């Protein structure tokens, strides 16, 4: 079971916090979408996602050569609630990331090829 210190430690890095909130907002994102939204390299994004996955915050699924990430549905309800409150109270903090993602060329359609 994930504890409050585990959650807050996971979200203490800005890249992990932004990625987690974007995933919480949109349901599921692949590495290439997060690269675009966060304007970061694939190795950096993948490293942070691996950390979030290893501590139980995220689950992944492979579709061909692409990996998609989503919140772990077995997280305690307080984690989901905290993420939703954070999203609602801080939409401006993620506005640039959301805009980059919205304007992404070749954005993947689920169940098809990414990027």
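Glycine is treated like the rest: Cβ placed from N, Cα and C.
Annotated by Swiss-Prot as DNA-binding region, the relevant range among 7-30, 31-54 is 31-54. Confidence in the DNA-binding region (31-54), given as mean pLDDT, stands at 96. Residue counts for the DNA-binding region (31-54) under DSSP, helix first, then strand, then coil, are 21 helix, 0 strand, 3 coil. Across the binding-site residues listed here (30, 32), the residue whose Cβ sits among the most other Cβ atoms within 10 Å is 30.
Packing against the DNA-binding region (31-54) from elsewhere in the chain are residues 10, 13, 15-16, 18-20, 22, 60, 66-67, 69, 97-98, 100-101, 104, 107-108, 114-115: each is 6 or more residues past its ends and has a CB under 8 Å from a CB in it.
In the three-state DSSP assignment, the secondary structure recorded for residue 30 (arsenite binding site) is strand.
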